[in-house]
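S.K.: First the structure, which I've put down as structure tokens, then a few questions once you've had a look.
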Amino acid sequence: MNYKFANLLGAPYRGGNILFHGNELLSPVGNRVSQVNLAHSTSQTLPFENLNQVRTLCLSPDGQLLLSIDEQGRALLIARTRRVLLHHFSFKGPVTAAAFSPDGKCVAVAVGKLLQVWHSPGFDKQLSPMQLLRTYGTCHDTITDIDWSADGQFIAAASKDLTARVYSLNPIPGWTPPTLAGHKDALVGVFFTIAATQQAAQLAGQQPVVLYTVSKDGALFGWSLTGQTAPPAAAAEAADDDAEAAEAAEAAAGSEQQQQQQQLPPLAQGGWVLSCKHFFMQRGARLSAADYHRPSGVLVVGFSNGLFELYQLPEFQVLQTLSVSHERISTAAFNAGGDWLALGCAKLGQLLVWEWRSEGYVLRQQGHYFDVSCACYSPDGAIIATGADDSKVKLYQLSSGFCYVTFSEHSAPVSALAFLPTGAAVVSASLDGTVRAFDLLRYRNFRTFTAPSAVQFISLAVENSGEVVAAGSQDDFQIYVWSVKTGRLLDVLAGHEGPVSGLAFCPTQPLLASCSWDKTVRTWDVYDNKSQLEVLQHSHDVLALAWRPDGKQLASATLDGQIYFWNAQDGVIEGVIEGRRDIRGGRLASDRRSAGNLSSGAAFTSLTFSADGSMLFAGGRSKYVCVYDVAEKVLLRRFQVTHNRSLDGVLDQLNSKHMTDAGPLQLIQHEDADSDDELLPAGGDPAAAADVPGTASRKRAVARTRALALSPTGATWAAATTEGLLLYALDAGLNFDPTDLTEALTPQAFHAALAGRAYVRALLIALRLGDPVLLKHGLMSVPPQQVTTAAAQLPALFLQAVLSCVAECLDESPHMEYLLSWVKALLIAHGPALAAAAGGGTALRAALAGGGDAGAAAGAAAGRAGAAGGGANLAATLRALRQVVTRLHKDLSSTAEGNVYLLDYIVSAGQLQQQQRRQAAEQQQQQDEDGGAAAMLVDAAAAVSGQAKTAAAKKAGKKQRKQQKQVLQ
């Protein structure tokens, strides 16, 4: 029962402004805020709700603080990266625009005709987080847009009074804020330019444009600063009798004025003049959105006919013109680099990210135009299908939150959906009289089942083997049975006396159960042609039914708010739940009685059992989803699917001051109402949405739950509501091991373990603390030669957390080879456990356990991994890791392919250099050898000559002694 809000699908954009921060796109979705990661292709909705539709988003320059403001001026201050709600605050009026200063110290907010500047709050808890700094009240009508100058000293405000004004953040003595007039229609945007653009214009001999203003009639004005303010008139009115004194006084005053001018900020020096005018010339369309990218000087403008154009300023050169829809473009925004352009269309629920340089889509999502009427999970729980009153069927990946295929073959609202047991196809029933089967491999409609006569199908069921499809009609009260393989009509089951509101096949027996508005539930045997087996009588119309997974019990919901539990074999009631008080809640604006006394509509229209059959989920025409214990027949928990007061039926008590003689104030069309504010969903009344005469065009959509779907794994469940498809998942943070709660688990113990080279212990401490910073530090501190050992020693309980951390590090860190070694070691060490946990768990773990001790260990590891995060979460982590590795592979491949000749040259140059070095070494060696031989010869010659000289000297000595001896004789 520890379910919490996880995501919102089917409504990527509902109105308001959108923001970029890096690769993330922030978009208002009803009274929530959605984050789209364009690099990882994932969408996540923040788990915080405003009290009304979000109209304005404001993000600090560092991307940490997010200010979400609804249409009544109530704001939520959110720590975006940590997903923590910091403060609630009210601006006491509708806010049309907000922007943080470039240094993030202040935030400017347009509250009606007033421009307020507040001190930016911090991350710590404070009694008064928002402190008012300045208030400017010179505008005569609602402010539509604001922009800060690059130095953060001035604020420009565009207003519906056809003017723009420039205000100084700090008071300047004697300086009056200029009023820039000349437009003939309300202003849409105002944009400052940067110094580099102004210097480029000066070098080109043009007058630099400091400010641009854009109006709804398609006029673009450029404003420049020129000249200096004139010296004071008192100096010129000196006495005429003393000309020299007058000249001296004038010179002194001029020098004093010049010194004052030099001390003023640049935007306060001189006067403002209109330097250029441009017109977009879109005949029959009005300008509805605009944004300006300062570094590149590119302006984007969107029009009411779905067309947008890109212009290069100040040349006013058209770069691109493209039509994205046939409805009004509500907002436009550039990313920081200026190559991505985000566009939103509130009426269609469309959100686009266009890369205008390469002319390709980065993101293209569109929600259902009307309410989501039905939803179902695929057998593996990885895909969820939705059908709506706009005649479309959409498929969503739960891991990414994106719609990846849309089937639009139906020509009337889709009433029911069901997957085939193999998961290879999805079947849909519609009011157009057809049941269609869509192939999920080729994404095409491969079967169309029709009845002999024109009927409207409102219920659908697929047999457990996937061979038979049954659909119940609203017109002739019959059930039609077809063969999926051949598409042939097998049987027509008659017996009901009212519309067949629900169908369900028994999970264990060949029985088909049907419920109808004729106050009966009937069971059929579609194989033996025995017609109906049992007729279960009720006291009121039966709206929904569901089989328990073991097939031993059948639950049915009636119009009086009761839920009956039947033994379908014996036709005996086993229990009743009085659910009228549980489902009742919320008063409509048109109701004449209080919510506690209302009895109409207090009934369940959708039932589904949990995977183990212990709980029953029930939803209906209310803001609540009730969860009951099947054995005790008691209410366990009641989920309120929305707190959005912009929807009807959310408040239990209405304010009497909003009730007038002409009816509720919300339903009265005001003459001064702005038709451009499209913040509410289209609702479930196509006639009112099309402004058919006799319908209430301002009728608000009613908060209700039209369908429920439970994942086969039981980890998530979905509710098809007015705002879209709400997903609830088990809170993994509530699953903890009490043995981890020790005093030794501290950051100091983590650093001590790292210092002692106990890397596995340090990683376990970081994992138990749940600190991502410490975990990254621990992963990067393990020596490369010990990665395999550390990965093998990590428990399977923490595999998902470690893999998620490795994926994040791969996306940020340059140590690619080291992190890939972590991935390889983890997959090799825990491959069987990962496969079992990601594949579903039970059967595979049993197979592993039957293979001996190793299989039992792997099965136990898989069980622990599944308990830690669930198969769906682990599969999402593995997909994110695969996306990161694939992107890195593509980047390396493109880099290598783009530099293949350079790499060949570098390799060849290196080989040539090595060869030259070898040759030089060989030559040096040869020279050394030759020099040594010559030296040896010289030495030998010297030795021979010495010996010869010695011999000659001896011979001469002998000869001399001989002569002396002869003389003596």
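Heads up, the Cβ atoms here are built off N, Cα and C, so glycines get one too.
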S.K.: Have a look at 907-927, 949-969 and point to the one annotated region 'Disordered' in TrEMBL.
M.R.: 949-969
S.K.: Quick one: which of 108-138, 232-262, 480-510 does TrEMBL have down as region 'Disordered'?
M.R.: 232-262
S.K.: Summarise the repeat 'WD' (365-406) as counts of helix, strand and coil residues per DSSP.
M.R.: 0 helix, 23 strand, 19 coil
S.K.: Averaged over the repeat 'WD' (407-448), what pLDDT does the prediction give?
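M.R.: Looking only at the repeat 'WD' (407-448), pLDDT averages out to 94.
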S.K.: Just give the helix, strand and coil counts over the repeat 'WD' (493-534), going by DSSP.
M.R.: 0 helix, 20 strand, 22 coil
